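Below is one structure, written out as structure tokens; comments come after it.
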């Protein structure tokens, strides 16, 4: 009978979140590159995600050499090499420390770029960024050189000294939790005074505060360390667990949380409720263009651009522009007070912008004077507009 083991479950906890977070980051980077908004925060996130995948591999090796997830009585005698296990634990600790710092730096830079009008928010963001930057650099160095010599970390028989384990664990996890809470609070503070519907505001806060899950896992890890350092270390069956995979889950969720905007965009593709206003407008415009294109194919006439004025609609119908000759435009004036009336002017020749005069065809009358008569104002500026725009 094969021994019972939790190792497969632990490996799923290690690799599945890492794969999902990698796909989300790749999608975010693709959107940033295609929209030409790729910036330093994306570089930091790429570095962090690379370390997440390296951490997944080193954790897998640590599981294998330590028989993690097995009952102690199912491990063959002499199968565990304590020095090899501690070496892989050392590598895991050094890699883990900078990941959360890089992700938080990326997220804080994103919040800074929002340019909140509240200067206190901006000062707090820069303070959080500075504290996190110092910790991101210092934590891996302290972890790597916590023993003198370094080899004493995995070989206690060597002469030398090491930092107190519980004090180091409580200190690093405590700083991580404090900065986590500070980062999670900032999106709520930024959006609190914005004028938007309460439902939309709560939705934005929830996506930007996805790091709450990371904070919860960090708090649980602190509880586990406290439990281990206070009487649970003598349990011979402590390896029958999946707790060691929580570190990988924590950093993967942090990476996904830093891509809250991308997650919202992905959900908006399937559920219109999550789509942003800009996305809905762009989708509506694409639909309008598609419908207009089909109508133009049927009518063989161009689609007008609409400029709304005070009490009147001016439709400017453009023909393709010729850089070497005049531009022909048709001006149609419709009065809102008389919706059934429609006055069309003949084609008017409008010369390029560097020429101040307009010339009409022989035997045809001036559209500008006709429009002025109907509207009571000069409308010649609408004729000379080279690229009319649609204003709703």
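Any Cβ shown, glycine's included, is placed from N, Cα and C.
What TrEMBL lists as compositional bias 'Basic and acidic residues' is 282-303 (among others).
Under the heading compositional bias 'Basic and acidic residues', TrEMBL lists 314-324 (among others).
What TrEMBL records for 331-340 is compositional bias 'Basic residues'.
The annotation compositional bias 'Basic and acidic residues' is assigned in TrEMBL to 341-354 (among others).
Summarising the annotation, TrEMBL assigns domain 'Rhodopsin' to 27-264.
Sequence annotations record features per position, and here TrEMBL assigns region 'Disordered' to 282-392.
Annotation source TrEMBL lists transmembrane segment at 12-30 (among others).
The transmembrane segment annotation in TrEMBL covers 42-63 (among others).
Marked as transmembrane segment by TrEMBL: 94-112 (among others). For the transmembrane segment (94-112), the residues of the chain that approach it from at least six positions outside its boundaries are 39-42, 44-45, 47-48, 51-52, 54-55, 58, 122, 125-126, 128-129, 132-133, 135-136, 139-140, 143-144, 172, 176, 179-180, 183, 186-187, 190, 211, 214, 247, 250-251, 254-255, 257-258, judged by C-beta separation under 8 angstroms.
Sequence annotations record features per position, and here TrEMBL assigns transmembrane segment to 124-147 (among others).
Annotation comment: TrEMBL describes 167-192 (among others) as transmembrane segment. Within the chain carrying the transmembrane segment (167-192), a Cβ under 8 angstroms from the stretch's Cβ atoms is held by residues 97, 100, 104, 107-108, 111, 114, 116, 118, 121, 124-125, 128, 131-132, 135, 139, 142-143, 146, 201, 204-205, 208-209, 211-212, 214-215, 218-219, 221-222, 225-226, 229, all 6 or more beyond its ends.
Taken from TrEMBL, the feature transmembrane segment applies to 204-229 (among others).
For 249-275 (among others), the entry in TrEMBL reads transmembrane segment.
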Same-chain residues near the transmembrane segment (12-30), Cβ under 8 Å, at least 6 residues beyond its ends: 38, 42, 45-46, 49, 52-53, 55-56, 59-60, 63, 242, 245-246, 248-249, 252-253, 255-256, 259, 261-263, 266
Average model confidence [pLDDT] within the domain 'Rhodopsin' (27-264): 86
Residue numbers, six or more beyond the limits of the transmembrane segment (42-63), whose CB comes under 8 Å of its CB atoms: 7, 10-11, 14-15, 18, 21-22, 25, 28-29, 32, 69, 85, 88-89, 91-92, 95-96, 98-99, 102-103, 105-106, 109, 244-245, 247-248, 251-252, 255, 258-259
